[in-house]
Amino acid sequence: MGGGGGSIGGAIVPSVKSGLPAPSSELPAPAPIPPPPVYQLHPPQVPASDRAVVEAEVREDDREAEETDKDLLCPICMQIIKDAFLTSCGHSFCYLCIVTHLQNKSDCPSCASYLTTNQIFPNFLLNKLLIKASASHIAKHASPTEQLRQALQQGCNVSVKEVDILLVLLAEKKRKMEQEEAETNLQIMREFLHCLRKQKLEELNEIQNDLQYIKEDINAVERQRVELYRARERYSVKLRMLSDDPNVRSSWPSLMDKRNSSNMSIGKSVKGGQFWLGGGASQSRAAAADVEAPPITSQPLQRKDAGSGADSQNTTQPGVAVARKRRVHAQFNDLQECYLHKRRYWAKHGQKQEEKDSNHVQREGYHHHHPGLKDFQSVLSSFTRYSRLRVVAELRHGDLFHSANIVSSIEFDRDDEFFATAGVSRRIKVFDFASVVNEQEEMQCPIVEMSTRSKLSCLSWNKYTKSHIASSDYEGIVTVWDVNTRQSIMEYEEHEKRAWSVDFSRTEPTMLVSGSDDCKVKIWCTKQEASALNIDMKANICSVKYNPGSSFHIAVGSADHHIHYYDLRNISQPLHVFSGHRKAVSYVKFVSNTELASASTDNTLRLWDVKQNIPLRTFRGHTNEKNFVGLTVSNDYIACGSETNEVFVYHKDISRPAAWHRFSSETNEGGGDDPGSYFISAVCWKTDSPTMLTANSQGTIKVLVLAA
C-alpha cells in the first residue's frame, strides 16, 4: 500500500472517525473514607437509657435552634436580618430590603397591607437579639482561635497575668505541633529511605547476577576459542600429512579440472537460461544469484558497484572485523540491553532446556554455552554483518514528471522469480527479477501488464498457485487475477468504500482476507462469489494479514490505534487487542507464527508476541506521520519506508536502525520539487535473502542488498 501528500495526489492513512465512542476510562467512585477514631484513656460508661435521653435533648436543641434561625430571616432576602426595621403591621425586615421594596410598591411583602416609608420604625429589641444570636453562633461553631480573636477585638478585659498564661500555653502548643510535624517528616523520610534501600538492593542483586552471567559467558567464549584453535591446529597437521603423501598429491590436478569444468557448465546454463511465468524458477534464481552471493557477480553488476562505492568483497578480513567492532561500539547500549534481556529471560525460563542440553553431547566447540548466550551470539552476528544498503539495480515505473507514479504495493511471487507492482497508475505490472538485476536499462518493460478500473492499494500473491495474484482498489473491489491469461478470475464488490489491504492465506490457498474504509473485514473464498465471513469494526481498516501458520488467525490494523487479533472460529470478540500506538496502524506483518510487526503514523514500528499477548520492542528512527510508507519482514530484519525518501532496516532485536538508504531525485538535483514531497511508498524483502525491493512516490524502483 502507499499514499501521497497533497503535492503529489496520494492517499493518506485514515484516522479514526470523530463520531466513534472513546474508550471508557471512568473508574468507580471510591468508597468514603471513615473518620479516624478518637481514643480516650478512660472512656465514660454511660447507660443506654441515659445516652438516649441526652441524644434526644441534643436533637431537640438543634431543632429549636433551626426554628429560631428561620424566625430571624428577612422575608425578602432570606438572610439573617441586618439593621432590623418594624412595619406598622408588625413584620420585620432588613432596612435596605424594605426601603427598596417600598420604592416600587406600597404594600407589605408579608401581608400585602398598605405601607409607606413613614410607617416603618427601627426594631431595637430585635437588633439586640440578633447580636446575641450572632455571638452565640460564633461561640458554638467558631474555633478557639476565632473565639479568642473575637473576644480581644470586642475589648474583653484581660489582665497581664492571664496574657502571660495564654502565651505560655500557646508556646507549649506550638512546641508540640512542631514536634509532631518533625516526627511526621522523619517517618516519611524513613519510609522513603527504606524503599530506596530495597530498590538499590534489588538493583545490586540484578547487577551481581548480570556480572555472574558475563563472567560465565566470558569463560565459555574463551573455552570455545581454545577449542577452535586446537581444531585448526589438528586440521593443519592433517593437511601437512596429506601434502606429504605422493598418492594424494598426484590426484589434485584431476580434481581441479573437474571443478573448473563444472563452473563453466553452470555459467553457460545461467547465460542461456529462459524465464517463463509458469516455471523456470531454478534458472531465474541462478541468474539472480549475484544479488545474494557477491563473489560470483556478473560484469554489469561490478560496474554498478564501482559507481556506487567500494564493494565489501574487496575488503580484507581484518578490515571487516574492525568495521564490525566499530558497529558494536556504535550500538553498544542497544546491544547491552539485548544481551541482558536474553540472558535474564533464559535464566528464568531456560533451566529445563539447560538441563536437557547438559545431558546431550553437542558439537565440538559449542558445548558449555548457555542458551541466552547462544541466542545473543546469533543476534550479534547478524546485526554486525551489515551496515548499509547497496543499490543493485534501478528502474523507472513510468513517466518521471507524471504525478500518477506512486507505487502502492510491490510483492515477490511464490518463488521470488517475478515481482508485481501496483499503484495509482491503475495497472498491475509484473517484472522478471533476474532481468531487472542483470540488465542495465532503467526503463524495463514488464512481461505482463493488466489494466484496472481504479487506483490500486495492495497486492498479494497466492503462495500455492504461482500465477494467481489478488488486488484491492479505491472503489472497494477485491479482484483475483490469473497472470498467465491476464484476466480476472473473481471480483468481489461487497465493500462500500476504499479497500486498503488484501492477503492470501498461506495454509489455505483458496482463502483471502480484505479490509476497507467501511470498517469491515471480509473473508473470501475463491470458490464462491459472496464473502464467507464478515467482521464489523468501529474504525477504518488499514491493514489485514493472515498468520502464516494458521488459516484461522488474522491480524487487523485499525485507525483506532490498535491491532485486533482474531480467531475466525469465533469473531464475536478478538482474541486480543494490542495497544501502544498513538495513531492509526497502517501495516501489520507476521515475522513468524508468534511475532507480529506493526507500523503506525506515530513514527514507530512495534513488535508483538501474539502467543503471550505482550509487546516486545518499539523501533524508532524513520519518519511516518501521514502516508503509507510500506512495511516488510524477513527472518531477523524489519524494513520500512520513510517520509524523508529513505528506506530503513531494523534488526528485530535492536530498537535503532541497522542500515538505511536515501533515494536521490533527478528533479531535485536540477532545482525542481522539494525533496520533502517524495517518500518511500512500498518495500518487500526477498525470501531468506538480504535483497529487498523498494519503491517511492516518484515511481522509482530499486533493488537493494544489505552490505558490510
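Just so you know, glycine gets a Cβ as well, placed from its N, Cα and C.
Because TrEMBL annotations are produced automatically, they should be read as predictions rather than curated entries.
Per TrEMBL, compositional bias 'Pro residues' is recorded for 29-38.
According to TrEMBL, the compositional bias 'Basic and acidic residues' annotation covers 351-365.
The domain 'RING-type' annotation in TrEMBL covers 74-111. Distant neighbours of the domain 'RING-type' (74-111): 117, 119-123, 126-127, 130, 133-134; these residues of the same chain sit at least 6 beyond its ends, with a Cβ under 8 Å from one of its Cβ atoms.
What TrEMBL records for 17-48 (among others) is region 'Disordered'.
For 286-323 (among others), the entry in TrEMBL reads region 'Disordered'.
If you look up TrEMBL, you'll see 349-370 (among others) marked as region 'Disordered'.
Packing against the repeat 'WD' (492-524) from elsewhere in the chain are residues 1, 11, 14, 457-465, 468, 470-480, 530-546, 548-551, 554, 556-557, 566, 568: each is 6 or more residues past its ends and has a CB under 8 Å from a CB in it. Marked as repeat 'WD' by TrEMBL: 492-524 (among others).
Annotated repeat 'WD' per TrEMBL: 578-618 (among others), in sequence order. Packing against the repeat 'WD' (578-618) from elsewhere in the chain are residues 1, 13-16, 540, 542-550, 553, 555-563, 565, 624-633, 635, 638, 640, 650, 652-653, 655: each is 6 or more residues past its ends and has a CB under 8 Å from a CB in it.
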*Helix-strand-coil residue split for the domain 'RING-type' (74-111), DSSP-based*: 10 helix, 9 strand, 19 coil
*Could you put numbers on the helix, strand and coil content of the repeat 'WD' (492-524), residue by residue per DSSP?*
0 helix, 18 strand, 15 coil
*the repeat 'WD' (492-524) [mean pLDDT, rounded to integer]*: 95
